[in-house]
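One structure is given below, encoded as structure tokens.
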Amino acid sequence: MPNRRFADGEVVMGRWPGSVLYYEVQVTSYDDVSHLYTVKYKDGTELALKESDIRSQSSFKHRKSQSSSSSPSRRSTSRSRSRSPGRPAKGRRRSSSQSREHKDDKKKTIQETNLALLVLGFLFKPSENNTRRYNGEPDSTERNDTSCMILEQKLKPDLEIERVLEQYSLRSREEEKKKEEIYSEKKIFETIKTIEKASSKTKELEFGGRIGTFMLIFFLPATVFYLLLMCKQDDPSLMNFPPPLPALESLWEARVFGVFLLWFFLQALFSLLPIGKVVEGLPLSNGRKLQYRINGFYAFILTAAAIGTLLYFQIELHYLYDHFMQFAVSAAAFSMVLSIYLYIRSLKAPEEELAPGGNSGYLVYDFFTGHELNPRIGSFDLKYFCELRPGLIGWVVINLAMLLAEMKIHNQSMPSLSMILVNSFQLLYVVDALWNEEAILTTMDITHDGFGFMLAFGDLVWVPFVYSLQAFYLVGHPTVISWPVAAAITILNCIGYYIFRSANSQKNNFRRNPADPKLAYLKFIPTATGKGLLVTGWWGFVRHPNYLGDIIMALAWSLPCGFNHILPYFYVIYFICLLIHREARDEHHCKQKYGLAWERYCQRVPYRIFPYIY
């Protein structure tokens, strides 16, 4: 077994993979099997390097001292040669002038070298996105080598021309040098911007790429309409496929579309009211932080007051049930128009305002996933508004309308126990989301995903019309359950909610203040980013305990509908698939962000969502 050369904790010089540059690093560990050193850069990045890519600091200092000690002797020799005793005084003056020019040229060359190193430092600087083990495979840094070669070839002719012009110029050398430095810096930073623009393109396409996203644009609306049509059938069995299609003219009504627009802009008005605190979101790629007004819960209270006023004046909400399909079509049409507007305006957005996951350069893919990260009209954030307001609050209003429709259609003085459970469980979920509105600012929907058709359709159509599927089903297919069964379902929902809320609170509190004495019992794995990965509490049980709570609650929402048909359980199946997809995305991003720390966390917490299963 070869001897180990560098010890843990030793400060050495480590070569950045794919480049010729060395940075000061600290050795953290050594793998006897792979013979790789794990080193930590000053910015916190951890990489595994071969021994040949590591040098001691003394070797660099020795080189530097040799260079500095030899250069004065060469300069003195040069001066002694140039000063011949037989030369006239004029010649000596010309020689001293040439010597000054030589010094100026040398200083200028050093400045240009420093500028070139600035570019190299920019291109090869370790970042959080490069936290991965180096194993000799080609990666983005090798592409940066090519970029440096192109940069050198591009700048060298311009600088040579500039030097020739300077020799025959009648202007002062100081002015020429200043102009050349400005010109060189301008060329370099223009090239940096070009490289940045190329590197910001989305490389990994999700949802099946261009073909998959194109199909989803049609498949998602078709799924919503199919579910609603099936719920209207006397026998909503999957064997009765396809359901009878209504006449096309019956799917659209201008009055229904007007009511939908009124609802949308009423919620927009509530969100603009100067009530509630203003908080900052996470830093964007340019370092800027956007401000958000947290008043979702106040908007919910105002909406409840408005609905109560309508009921007081005997305006019946079951109109919503009678025209449920038309409302879904209106919402889908509006989301499509909004998505087209969002994509057109994103074409003029600056590069730093584009979404990391929606900047592929493919029209259909970027239209679906969202090209612009945070589209705003003034201070009005379109994505943040649609994420919680019209769809989520609309979900509660639809459930209430279904409860009133059930009472009217079946001539009941009280809603059924099943309908009460569904309304109560889902009301709790919505109120919790609005009460903890600030927590949404750290989700991938806000920080990573652009605002395109996927989120617009999901927020305005999928959430209110699919999430209310159980209540819509119970209107046409009443289900009687006993009080003991209702109690058992309630306990199940409470367990799911407790896991969901306590896990999220544990994570949010730890992120806000890891040194809080109340959290002293929590253990964590430190990462190169300065954050910690919890390995005790809920996050030491499974990697995504909040998703586990979500799935348990979704099951509790469907159980009051009985077991006659699988249709009410579509939401549970969909929710499991959605969370598994999100979990896969989270795994990918966390592996890139935390590197070796994430691998250690996965070894410590092997189960992702379901303990002992998955």
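Any Cβ shown, glycine's included, is placed from N, Cα and C.
TrEMBL lists 4-62 with the feature domain 'Tudor'. Mean pLDDT across the domain 'Tudor' (4-62) comes to 82 in this model.
The region 'Disordered' annotation in TrEMBL covers 53-108.
According to TrEMBL, the compositional bias 'Low complexity' annotation covers 66-75.
Look at TrEMBL and you will find 76-95 tagged as compositional bias 'Basic residues'.
Annotation comment: TrEMBL describes 99-108 as compositional bias 'Basic and acidic residues'.
For 207-229 (among others), the entry in TrEMBL reads transmembrane segment.
The feature transmembrane segment is assigned by TrEMBL to 254-275 (among others).
If you look up TrEMBL, you'll see 296-315 (among others) marked as transmembrane segment. Long-range contacts of the transmembrane segment (296-315) within the same chain, counting only residues at least 6 positions beyond its ends with a Cβ under 8 Å from a Cβ of the stretch, are 266-267, 270-271, 273, 275-276, 388-389, 393, 396-397, 400, 430-431, 433-435, 437.
The transmembrane segment annotation in TrEMBL covers 327-344 (among others).
Feature annotation from TrEMBL assigns transmembrane segment to 455-475 (among others).
The transmembrane segment annotation in TrEMBL covers 481-500 (among others).
Long-range contacts of the transmembrane segment (521-542) within the same chain: residues 40, 44-46, 128, 131, 499, 502-503, 506-507, 510-511, 514, 548, 593-595, 597-598, 600-601, 604-605, 607-611, each at least 6 residues beyond the stretch ends and with a Cβ under 8 Å from a Cβ of the stretch. What TrEMBL lists as transmembrane segment is 521-542 (among others).
Among the features that TrEMBL reports, transmembrane segment is placed at 562-581 (among others).
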Response to the item:
Checking 207-229, 254-275, 455-475, 481-500, 562-581 against the transmembrane segment (327-344) for Cβ pairs under 8 Å, the most are found for 455-475
Worksheet item: Which sequence positions outside the transmembrane segment (455-475), separated from its termini by at least 6 residues, show Cβ-Cβ distances below 8 Å to it?
Response: 220-221, 224, 227-228, 231, 236, 264, 321, 324, 327-328, 331-332, 334-336, 338-339, 342, 370, 383, 386-387, 390-392, 394-395, 398-399, 402-403, 405-406, 409, 416, 418-419, 422-423, 426, 445, 449, 557-558, 560-561, 565, 567-568, 570-571, 574
Worksheet item: Excluding the flanking five residues on each side, which residues at least 6 beyond the ends of the transmembrane segment (254-275) place their CB within less than 8 Å of a CB in that stretch?
Response: 293, 295-296, 298-299, 302-303, 306, 323, 326-327, 330-331, 333-334, 380, 385, 389-390, 393-394, 460
